[in-house]
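K.L.:
Quick one: structure below, then a few questions.
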Amino acid sequence: MPPRPPPPVSSPPAPRLSPSAARAAEQHCLRLLALSSTLTSLLQSVAFLLKSGLHSNPLVLTRLFAASASAAPALLQPLVAALLRPSVPLDAFLVNTLIRAHATSPIPSVRLRAASFFPLMLRGAVVPNKFTFPFLLKACAALPGSPAVGLQAHAAALKFGFATDEYVSNTLIHMYSCFGSGFLGEARNVFDRMPKECAVTWSAMIGGYVRGGMSSDAIELFREMQATGVRADEVTVIGVLAAATDLGALELARWVRRFVDREGIGKSVTLCNALIDTLAKCGDVDGAVAVFEGMEQRSVVSWTSVIDALAMEGRGKEAVHVFEEMKVAGVRPDDVAFIGVLTACSHAGMVDEGCGYFDAMKMEYGIEPKIEHYGCMVDMFGRAGMVERAMEFVRTMPMQPNPIIWRSLVSACRAHGRLELGESITRSLFNEYPAHEANYVMLSNVFALTQRWKEKSEIRREMSKRGIKKVPGCSVVELDGEIHEFIAGDESHPQYKEIYRMVEEMARELRRIGHIAATSEVLLDLDEEDKEGALQWHSEKLAIAFALLRTPPGTQIRVVKNLRVCSDCHAAIKCISQVYHREIVVRDRSRFHRFKDGSCSCKDFW
C-alpha cells in the first residue's frame, strides 16, 4: 500500500485537555459512534471527533471506520484518507477493522482495497492475530484474477502460526474455491489436514465444490459428512441444494426436503427459497409451490422464485396469477420480479400481457427497465413469430442491444424462416465480437440451413484455428441416487450396447406410428438417410433409452440437458411418451418440457 496521504485540508489544532477531560471526550465520542446508524448521525460524530482532538485516538478511529462501513459506505474511503495519518499509532484491532470494513463494503472499488491494509500492518511492526487472517483471506477471495495475493496471504498465515486455526482454515478453503476449479486441489488439501468436528468446515468444502462446478463431488462429500456423524446446518443444506440444482437431481432434492424436516433444521426464509429454487429447477414445480405455501414469512425472492418456476414450465397464466397475488399481499415487485413475469409471458405466448407489465414497470412502479427486461420483450416477440416487431423494438431501445438480444433475434429468424435476416445479424455479431464462440456456431448453422457447405467448412476451419469448440450436447439422468451422463454418439457408458439397441427399437416404433425425422436439424452435408441416423443418437434420446431400460413401466422419466432441445427431439419425445406410456420431463437450458400422451406442456410454443 502507498504511504498514507495527508488530509486534503488541514485539521484544526487539537485542544489541550486534561487526562480526565480527554477520557470523557473519548467515551462520549464512542457512545455517539455506537448510535451512528445514518449518514447525518455519523457526520455529527465526526464533527465531535474533530472538535475534541481525537484525530490520533486508535480506538475512536476504529469505531469510526466500522460505523462508516455500515452507515455510510461511500464515506469510508474519504475518512480513511483524511484521518489515517502517520501519527496514528496502529494496532491489530484498527487494521483488522480496516480490512473487514473494506472487504464487506457494497462498493466494488472499496472491496478491492481491503487486502492493501495488510502490508501497512507489517510495515508498522504490528503483529497479526487470529482475527486478521479470516478478514484478509475473504478480501483476497474477492480479488478478480489475483490468486498470487491469496497465496501470499496463506504464506503469511503459515509464518505467523495461524494457518491451522479452524476459522483461518475454513476461510482458506473458501478463498481457494473462489479462485476457480484449478485451485480446488489446494482447498481440498487444507480440508484434509483439518479436524472435521463442525459443520462449518464441511460446508466450506461442499460450497467450494459447487462453486467450482464439481457438484457430484459436493454430494459425495456430504454423504461422507453424514457417515462421520457431523450434524448438517442450514449452510450445508443450501450447498447440497445448489449441487442438486446443478445436476437436476430431483430425488436428492426431495430427500433433502425430508432431511430438513427430520433433522429439525430451522426453515429460514433463505433455506425455503433455496428449496423452492432447487425443486423447481429439478422439475417438481408443484413441490416448489407447496414449500412456498407452507412458509410463514415470505420475501420478494420467495414470490419471484415461484413465478420463475411456473414460467420455466410454460405455466404463464399461473405465474401471472402469483405475481398479482404478490401485489395484493403488499409485497412490492422489484426489477427481478418483473423479469420473472415477463419471462412467463414470453414462454406462454402472452404478448399483450407482457407488453402491459413492461409498461407498468415505469408508469406504476418507477422502475427503469434494464437490458434484461428489453431482452425478455425481444424474446417474447421472437417466440410469437413477430420478428419485424422484435426488430423495431430493438431499434427503439434507449441503450445498445447486447449480443444476447441479437442472438435471441437470430433464433427467432431461424425458427420462423427468416434466414437472410438471421444471417445479416449474425455477420454483424461476428464482425463485432470475433472471439465469441457462439457467433461462429450461429453463422455455421445459418450456412448449413441454406446448404452452403463450403462457407460452413470455412467457418469450422477458422474455429479450429482459433481453438474454438462447440459445446457438445449432454444429457443427465438420475436413477437410484446415481447420476448418468450421456453425450451424442458416446459409447463410454457400461451399458451402451443395450442402450443403442433400445434407441433403434424406439426409432422403429416411431416410424411405425408415422413419425418423420426433422432432418433439417442436422447441419451436416449428409444424405437424408444419414441425417436421420445422426438425429437418432442425440444425447437426450440415449438418456431416455437408458431410463426405459432401467425403470418399471409407467415410471416418470426426467432428463436434464445442457443445451436447447432440438425440434426433432421435441417431436420424437412426444411420440415416445405416447408409444411407451411414460411421462417424460426434459429440462433444457431455458425451460421445462413435460411430455405426456403425445403432447408437451409447452404446447409447441418454445
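Don't overthink the numbers, they just go from 1 along the chain as shown.
Placement of Cβ uses the backbone N, Cα and C atoms for every residue, glycine included.
So TrEMBL lists the following for this protein:
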- 1-16: compositional bias 'Pro residues' (COMPBIAS)
- 514-606: domain 'DYW' (DOMAIN)
- 1-20: region 'Disordered' (REGION)
- 198-232: repeat 'PPR' (REPEAT)
- 268-298: repeat 'PPR' (REPEAT)
- 299-333: repeat 'PPR' (REPEAT)
K.L.:
From the DSSP assignment alone, can you count helix, strand and coil residues within the repeat 'PPR' (198-232)?
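P.N.:
For that range the per-state counts are 27 helix, 0 strand, 8 coil.
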K.L.:
For the domain 'DYW' (514-606), what is the mean per-residue pLDDT, to the nearest integer?
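P.N.:
PLDDT averaged over the stretch: 76.
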K.L.:
With DSSP, how much of the repeat 'PPR' (268-298) is helix, how much strand and how much coil, in residues?
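P.N.:
When I sort the residues of the repeat 'PPR' (268-298) into the three classes, I find 22 helix, 0 strand, 9 coil.
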K.L.:
With DSSP helix as H/G/I and strand as E/B, how many residues of the repeat 'PPR' (299-333) fall in helix, strand and coil?
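P.N.:
Helix, strand, coil within the repeat 'PPR' (299-333): 26 helix, 0 strand, 9 coil.
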